[in-house]
Amino acid sequence: MKKAIYPGSFDPITNGHLNIINRATQIFDEIVVAIGDNASKNGLFTPQERKRMIEACLSDYSNVTVKIYSNLTVDFLKQEHANILIRGIRDTKDFENEQEIASLNQMLDPQIETVLLFANHDYELISSSMVKEINHFGGDTSKFVPRVVSKALKEKQNQ
């Protein structure tokens, strides 16, 4: 059984992330969406809020679980008994960044394989940062994120 980990901050999860997850479920038997809890980053949503939103978005998938981790990604993979890391890439900048991270991960653990999934054309311009910026200025995020996330963004905006 092939288990893969899809790590990220997912602050918030976007339709692009969900497209990567959907496609990964067709390749791997089990997917763990791993929310990185980086204490040095001030996210818009807490890791627990992100987990609840992601679980709501993925409720139809029986082979996807959502977990929060705060250690090195390579250590989280070991903890989960997985050696496959999924990454989505939108452009050449993402590719260069992911290539560096994949090389570093292999240096830390030669058993880790990084699988890159190219963003679907409809989602290649979407990023969590862009979504937060649009929301900050009162724009409509519903084209870029699931309904549950768009609603949560509006609630954050109104606080």
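For all residues, glycine too, the Cβ spot is worked out from N, Cα and C.
Residues annotated as domain 'Cytidyltransferase-like' in TrEMBL: 5-133. Per-residue confidence over the domain 'Cytidyltransferase-like' (5-133) averages out at a pLDDT of 95.
Following the DSSP three-state reduction, the secondary structure of SER9 (ATP binding site) is coil. Around SER9 (ATP binding site), taking its Cβ as the centre, 17 other Cβ atoms fall within 10 Å, counting all chains. If you look up TrEMBL, you'll see SER9, PHE10, HIS17, GLY88, ILE89, ARG90, GLU98, TYR123, GLU124, LEU125, ILE126, SER127, SER128, SER129 marked as ATP binding site.
Here TrEMBL flags SER9, LYS41, THR73, ARG87 as substrate binding site. Its Cβ taken as reference, LYS41 (substrate binding site) is surrounded by 9 other Cβ atoms within 10 Å in the chains shown.
Around the Cβ of HIS17 (ATP binding site), the same chain contributes GLY8, PHE10, GLY88, each under 8 angstroms and 6 or more positions distant in sequence. Feature annotation from TrEMBL assigns site 'Transition state stabilizer' to HIS17.
Counting every protein chain shown, the Cβ of ARG87 (substrate binding site) has 19 other Cβ atoms within 10 Å. It is ILE89, among the binding-site residues ILE89, ILE126, whose Cβ has the fewest other Cβ atoms within 10 Å in the structure shown. Take SER9, LYS41, THR73, ARG87, the residues named in the record as contacts for substrate: the widest Cα to Cα gap among them comes to 20 Å. Closest in space to THR73 (substrate binding site), of the binding-site residues given as ILE89, GLU98, GLU124, SER128, is GLU98, taking the CA atom of each residue. The secondary structure of ARG87 (substrate binding site), as reduced to three states from DSSP, is extended strand. The separation of ARG87 (substrate binding site) from ILE126 (ATP binding site), Cα to Cα, is 15 Å.
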